């Protein structure tokens, strides 16, 4: 096995641990690991054979900020659709790397559809169901041969819902011989890690370069995920994909993902993430991308859009106007960010504050690049605006929202040097 990587010493100041040093994996135009920024990825839930529907959803996820998108490739129709999906996306000016998600029959599909093998930017392989019994090594080897032939990276992703049962049984037998047997949870974690890491080392033996391998070992429990990735990170130098295998629906899924991934990211573990949310009825699939971006931004890993701080409101606030203004401001900067990213680089680092009364309003506003403190109960009907810590102007009347948005736009043009063109 490759030399293990030692966990870094925690910093004494208010920063994350140094990023774990890993292999850098090139996936289309995106680089994962090797000190590069943590990459946001997502997955479609369309029938991949539905080319129009899949193209639309990939485009939506890409526009929301997904830097890689995974699609199910589970039958001949979906495999045949992949090249056409890539072509249609390119016609739209979208060059997002597409990842093929293979289970059970990937070796057959790639053999039958060479154009699919060529069009995909990465293959996801599950060592728990790539093959069973004597066929396992053969079929795993065939998938790796395709990756080598077409120059593609792979993610070897173990999952506790489809764990290699022969390996699990072997480790259970070994555990029964210990003087002090491990509990079942520890044996399960060991099986997940061994499944991923041993499969990766086997891929290297077959000729796949280390810099074309990403690993994951997913579970649904927060503490289990943290334990698995801490252990796996100490055993190898492969880039790691983070995510709960099924985070859940609504706020539960968001909280669970944030609880697990923020700990690992704080410790420098993780090179690409996916938030596996179950969309609520009528909710956009793009929410998982927004949550992933907000998680990385709030933990200081990356900046995607200006962050808006707003107070929750209390008995001191006279209306919901400050809450409405906070929403208007957040929507405005998110809508402007694609333009600012090109013309005003650095605007994504801007901080904004929309506060509802005099208690914390002026102080919080001074901490932001631009902040506004709206009047609370019994306060004068005026709203001082602070820019870079200094009081700039006081807004009054019916046009406070419009005037504050205008101040934000002016600040961006003045502070973040506009690129020509």
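Here the Cβ of each residue, glycine as well, is placed from N, Cα and C on the backbone.
Swiss-Prot annotates 311, 314, 357 as [4Fe-4S] cluster-binding residues; of 320, 364, the candidate listed for that same site is 364. Working note on the binding-site residues 314, 357, 364: by count of other C-beta atoms within 10 Å of each C-beta, 357 ranks first. Counting every protein chain shown, the Cβ of residue 311 ([4Fe-4S] cluster binding site) has 22 other Cβ atoms within 10 Å.
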